[in-house]
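Notes for the one structure printed next.
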Amino acid sequence: EVQKHSVHTLVFRSLKRTHDMFVADNAKPIPLDEESHKVKMAVKLRTEYGSVLHMPTLKENLREKAVTNTGDPYGHKQYSGNQGQEVEYVVTGTHPYPPGPGVALTADTKVQRMPSESAAQSLAVALPASQSRLDANRTAAGVGDVYRHAGVSERSQPPGMSVAMVEAGGNKNSALMPKKAPTMPKPQWHPPWKLYRVISGHLGWVRCIAVEPGNQWFVTGSADRTIKIWDLASGKLKLSLTGHISTVRGVIVSARSPYLFSCGEDKQVKCWDLEYNKVIRHYHGHLSAVYGLDLHPTIDVLVTCSRDSTARIWDVRTKASVHTLSGHTNAVATVKCQAAEPQIITGSHDTTIRLWDLVAGKTRVTLTNHKKSVRAVVLHPRHYTFASGSPDNIKQWKFPDGNFIQNLSGHNAIINTLAVNSDGVLVSGADNGTMHLWDWRTGYNFQRVHAAVQPGSLDSESGIFACVFDQSESRLLTAEADKTIKVYKEDDTATEETHPVSWKPEIIKRKRF
């Protein structure tokens, strides 16, 4: 019996078959039509070099030309502008002149012998750029160069090769070079990540996760109103902290003091002393649920963000609110700190990202490129760049002014969390339980993961709320809607041969919006 499919399914199957049929032809050169190419070259020669076409051609240069023609990677026929003419020599620099009046100019009597093209090029390479440009402007264009380079980029340039054109006589040959669209460079190979441990213990959604600086344990916050501390090596529960009266939305461990900070939907921001496992400070001021927090890496400052559309900067010791960062027009979903300027970055449900001046407490830059809520921001640990996640796509930006780098498209879901390690592996976790792994530099999506939910959970309870790499960056921990923490590690058995990069050099669409 023939299974019936929806029109949507059939259309996409047809698209996939069409794609598979033609994928082998991608980036192949178009076959050259000899006649039209000949006409095109003749027009180009006449238009750009008509004033010098009457000059004769140097035999030495013709020999070089014969050699260069053999190197044509596609074996196309080369065209000379003066076919059928008797060629003798070309003037490539200043004109040779006889030694005295009335002496016929021959190969034996001319005073100045012209340098060969290879010698001239090596000289140009040796000179500083400005000097070689000045020298080029002093000389007349050589007909040999004209014939040799005319249309060379169209005829003999395979994909990925660039042909260096000689600029002679100030006549730039750029008109003969087609502008190629930028293509994605080959991504770095990363081993795939595999699930190797599922930790259960929370009684509600696990909303946030953080690893302590010593890499011995990690901490999670949950909708069951508890904070739990787990041993990283074994996955065993070490401690539960109670005190919040609603969902715990953010946790972070200080590298400068034995403190743990937490925030939640109860509007509270707490500082826990881990020597006594008690709350020692409260930071009062937010008017609604507190969605996230981060510690400044070099000074004792805590930054929190809230549904009240503000981010607040707190002095850790005095509990004073140093600044209230106002400007967002909707809930602020995420906040990140760094030592360099701009020291604070926020992402909001108003679709904007703001880079803040910590000293003045004012916005430095507002980035409005996203079309939907920005729920996740991550800073690269080594590069001066960051990424933001939104249902429309993931975008990469350059500090300090937030210059747009590229879009990472394909994770079509509500992105709750982003994490990146020093190897350039970017992880995006979404509300529908999918996790995509990307190569940071190229934006290539090298792996997609959708882990099964814990037995007894509904399929709809498949969602990733937070993810983080441990301090060694060899483990990836995710906090999920099925009340578990999942731990992933790199597949040690994988190699580039067993898991090749199924990549092709697509043209980059660097859209601003």
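Note that Cβ sites are derived from N, Cα and C of the backbone, with glycine treated the same way.
What TrEMBL says about this one:
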type	residues	note
REPEAT	199-240	repeat 'WD'
REPEAT	241-282	repeat 'WD'
REPEAT	283-324	repeat 'WD'
REPEAT	325-366	repeat 'WD'
REPEAT	408-448	repeat 'WD'
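Outside the repeat 'WD' (241-282), and at least 6 residues removed from its termini, the chain residues within Cβ reach (under 8 Å) are 204-205, 207-213, 219-223, 225-229, 288-295, 297, 300, 302, 304, 306, 314, 316, 319.
DSSP labels the residues of the repeat 'WD' (283-324) in these numbers: 0 helix, 22 strand, 20 coil. Residues of the repeat 'WD' (241-282) grouped by DSSP class, helix first, strand second and coil last, total 0 helix, 24 strand, 18 coil.
Across the repeat 'WD' (408-448), DSSP classifies residues as 0 helix, 24 strand, 17 coil.
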